[in-house]
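Record features (Swiss-Prot):
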{"type": "BINDING", "residues": "10, 13, 29, 30", "note": "Fe cation 1 binding site"}
{"type": "BINDING", "residues": "49, 69, 75, 116, 119", "note": "Fe cation 2 binding site"}
């Protein structure tokens, strides 16, 4: 049974879903159960994939990696998500964008996740 804010991917078509409301049953796509995307389990370099969270005057800035991640047509960060006090905030990126996002919110507990089209799901 999926849990709130877990991310799953279809191994056939590549659809990615995030659980917004946890219910019973399994997530299925293309006739098969979707694969749970555990963070940080690919062979990608950690220094280019683990999100770095910075507190700013207006909220939080999330940069992908301590070394800037490539943002090329064949290799880029698709999205950055900030989870703040149990709420989810997402910015979608495209090739050519900077691998970072700003979130103008105030919170006491934050974590960040991102998805690389080649190296998967990562969390800080």
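Here, residue 1 is simply the first one shown, and the rest follow in order.
Cβ atoms are placed via backbone N, Cα and C, with glycine included.
Feature map: Swiss-Prot annotations on the structure.
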{"residue": "10", "record": "Fe cation 1 binding site", "DSSP class": "coil"}
{"residue": "29", "record": "Fe cation 1 binding site", "DSSP class": "strand"}
{"residue": "49", "record": "Fe cation 2 binding site", "DSSP class": "helix"}
{"residue": "69", "record": "Fe cation 2 binding site", "DSSP class": "coil"}
{"residue": "75", "record": "Fe cation 2 binding site", "DSSP class": "strand"}
{"residue": "116", "record": "Fe cation 2 binding site", "DSSP class": "strand"}
Neighbourhood of residue 49 (Fe cation 2 binding site) by C-beta distance under 8 A, where only residues 6 or more apart in the same chain count: 40, 64, 65, 69, 114, 116, 119, 122
Neighbourhood of residue 10 (Fe cation 1 binding site) by C-beta distance under 8 A, where only residues 6 or more apart in the same chain count: 16, 29, 30, 32, 34, 35
Fewest Cβ neighbours within 10 Å, where candidates are the binding-site residues 13, 116: 13
For residue 75 (Fe cation 2 binding site): intrachain residues, at least 6 apart, with Cβ closer than 8 Å: 116, 117, 118
Lowest local Cβ density among 69, 119, which the record lists as binding-site residues, within 10 Å: 119
Candidates 29, 30: member of the binding-site residues with the richest Cβ shell (10 Å): 29
